[in-house]
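According to TrEMBL, the protein carries these features:
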- 84-149: domain 'Potassium channel' (DOMAIN)
- 199-284: domain 'Potassium channel' (DOMAIN)
- 20-41: transmembrane segment (TRANSMEM)
- 100-121: transmembrane segment (TRANSMEM)
- 127-157: transmembrane segment (TRANSMEM)
- 194-216: transmembrane segment (TRANSMEM)
- 256-276: transmembrane segment (TRANSMEM)
Amino acid sequence: ADGRAGKWGLGHLNEDNARFLLLAALIILYMLCGAAVFSAIELPTEREAKERWEERFVNFSQRHNLSRAELQDFLREYQEASVAGIRVDDIRPRWDFTGAFYFVGTVVSTIGFGMTTPATVGGKIFLIFYGLIGCAGTILFFNLFLERLITVIAYIMKSCHERQLRRKGVLPHDSWRGSGNSDVDSLAGWKPSVYYVMLILCVASLIISCCASAMYTPIEGWSYFDSLYFCFVAFSTIGFGDLVSSQNAQYESQGLYRFGNFVFILMGVCCIYSLFNVISIVIKQSINWILKKLDCRCCPRCQRKFFRSRRNVVMPGNVRSRRNISIETDGVNESDTDGRRLSGEMISMKDFLASNKVSLAIMQKQLSETANGYPRQLNSSSKHNGFSGGVGALAIMNNRLAETSVDR
């Protein structure tokens with residue numbers, strides 16, 4: 001029985017494949033649950049609206065002596081006109097310069113409200129190439145914003161941590177940066193908790209959303225809840241398009257309102273993007289914890305083969321407490337005798353790099369030097385502070401946190 005479990009159980013799976021499959025299964029389950037909830041909530045309302053519309057459609061056609069086919073043809077023509085930006089109510093022009101600027105803002109930010117779309121073949125072709133470059137540049141901007149945001153958060157949290165240690169007498173009050181004191185040097189490996197960073201970003205996003213909603217409610221005529229709903233849909237770049245700001249022809253203090261709308265959307269998108277990246281770390285830790293629990297129920301032979309890495313595992317009662325879990329992705333052990341991955345990232349290049357005899361640490365170092373135009377000089381403490389590695393936005397957080405911990 002143990003042999004069959006070892007052959008077909010979790011121990012037979014590669015760590016990254018197991019994590020990937022579990023994440024895919026959880027996402028599918030999450031989508032199924034979400035579909036069930038939304039269907040239960042929204043389907044009755046949809047049916048009632050359809051019945052009311054059918055009743056009004058029949059009454060209107062009978063009152064004005066119109067056939068059903070004629071009225072349907074007229075409504076189809078209006079639908080085509082609405083795609084081109086024509087509405088019954090008086091709204092701002094869709095394709096003047098300010099309207100076009102609002103449109104390209106929704107394109108490069110990937111919000112894509114959908115209330116304005118190109119109707120010509122030339123416009124659609126231009127949008128493909130324009131969006132390709134614009135979206136990539138905006139994602140780069142969000143990553144750079146995340147880099148600076150994490151740097152500021154890490155600096156503030158580390159300063160507070162040092163101040164707390166001085167109050168407890170752990171650190172001397174006259175210790176300064178670079179003093180060579182062993183207690184101060186030991187803080188080089190300190191990292192802020194991912195949960196504190198997530199809490200800070202949640203509070204910042206909530207404050208921005210509340211302030212923006214206070215602006216949208218009187219100006220757009222929405223309820224405060226609808227304004228909050230719009231903020232989340234816009235800031236998260238979901239962009240349904242059912243509520244869209246700055247679409248009326250005239251506003252009181254129109255220039256000031258449009259500027260405030262631009263600033264709130266920019267700040268909100270940046271904060272929510274950063275929050276999503278931090279939440280993804282927590283999700284990864286939760287998946288590691290689930291896999292650990294599943295691994296414990298496998299055969300004893302599999303328990304030593306699977307999940308040798310424990311760095312990012314969230315386990316109640318473990319020696320590594322939850323509050324010490326920090327923002328970190330893949331770490332690389334530089335020892336030849338221990339090639340274990342220090343933690344798990346969703347996409348692993350371990351097998352690919354092993355077959356090509358390429359070190360992940362060397363490749364990331366080369367990519368960093370190429371991007372910055374010079375070799376990055378890191379002291380010995382930065383090699384072992386746990387922030388090296390990672391790809392994309394998570395790597396940016398790691399690098400900035402590493403530099404912050406080294407500088408302090």
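Backbone N, Cα and C atoms are what each Cβ position is placed from, and that goes for glycine too.
Helix, strand and coil residue tallies for the domain 'Potassium channel' (84-149), in that order: 41 helix, 1 strand, 24 coil [DSSP]. Secondary structure of the domain 'Potassium channel' (199-284) per DSSP (helix as H, G, I; strand as E, B; remaining residues coil): 65 helix, 1 strand, 20 coil. For the domain 'Potassium channel' (199-284), the model gives a mean pLDDT of 92.
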